[in-house]
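S.K.: Feature table excerpt (Swiss-Prot):
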| type | residues | note |
| --- | --- | --- |
| BINDING | S10, S16, L17, S18 | FMN binding site |
Amino acid sequence: MSRILLITSSPRSTDSLSTRFAHDLARQLAARDAAGAVTLRDLSNDPLPHIDDAYIVGRMLPSDARSAEQAQAVELAQALVDELRAADIVVIGSAMTNFGPSTQLRAWFDRVIWPQVTFRYGESGVAGTLEGKQVYLVTASGGIFSEGPYAPFDYQSGYLKHLLGFIGMTDIREVRVEGTVLGAEAVQAAIAKAGQELQALVEQAG
């Protein structure tokens with residue numbers, strides 16, 4: 001059984017190309033397995049609160065020493081980690097916002113990157129605890145950031161891959177939907193190219 005966690009995060013919700021392609025990719029990956037199941041974490045329509053003092057302090061305390069507010073904050077993070085840990089495949093849709101991922105997606109990472117839970121410090125450095133998962137990134141941007149003069153300003157793709165790798169998720173494939181504000185022809189070309197890349201990934205997945 002393939003357990004797929006689909007995470008969408010674009011503020012544009014269903015009008016977003018990253019959301020559209022992420023849903024399509026998750027659906028096709030699930031269709032390979034008669035028992036495949038998709039769990040949706042919609043960070044646009046159901047945003048997470050940003051981390052605060054209650055969470056930072058609460059996660060460092062024993063459970064019986066937490067206030068009600070601290071316990072609630074830590075329980076939310078634990079639920080997100082459990083959801084992520086249970087998945088075999090993770091599909092993340094991310095639309096570039098001011099050169100990086102949206103605050104909605106960052107809020108999710110701020111909850112699941114948890115010392116001694118999703119990564120540990122050891123003699124050889126940091127080791128993630130979420131190995132063995134396949135990750136698919138669907139990233140969208142108004143401009144072209146995979147190459148050309150704006151490539152140095154892509155603080156989305158590499159940043160997300162670094163965060164995922166930090167917690168042990170290093171098997172990452174990416175579909176880019178680029179140039180979405182460069183006119184109708186550019187949008188259609190971006191959609192066609194992303195569709196081809198998506199199909200290739202599905203075929204590679206078997």
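Just so you know, glycine gets a Cβ as well, placed from its N, Cα and C.
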S.K.: With the FMN site defined by S10, S16, L17, S18, which remaining residues of that chain have Cβ atoms positioned within 8 Å of the Cβ centroid?
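M.R.: For the FMN site, the extra neighbours are T8, R12, D15, T19, R20, F21, A22, G93, A95, V138, A140, V177.
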S.K.: Within its own chain, what residues at least 6 apart in sequence put their Cβ under 8 Å from the Cβ of L17 (FMN binding site), listed in sequence order?
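M.R.: Once residues fewer than 6 apart are set aside, L17 (FMN binding site) is near A95, A140, V177, T180, A190, I191, A194.
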S.K.: Helix, strand or coil by DSSP: which one applies to S16 (FMN binding site)?
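M.R.: In three-state terms, S16 (FMN binding site) counts as coil.
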S.K.: Since the record lists S16, S18 as binding-site residues, which of them has the fewest other Cβ atoms within 10 Å of its Cβ?
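M.R.: Candidates: the binding-site residues S16, S18. Fewest Cβ atoms within 10 Å: S16.
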S.K.: Using all protein chains in view, find how many other C-beta atoms are within 10 Å of the C-beta of S10 (FMN binding site).
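M.R.: So the number of other Cβ atoms within 10 Å of S10 (FMN binding site) is 26.
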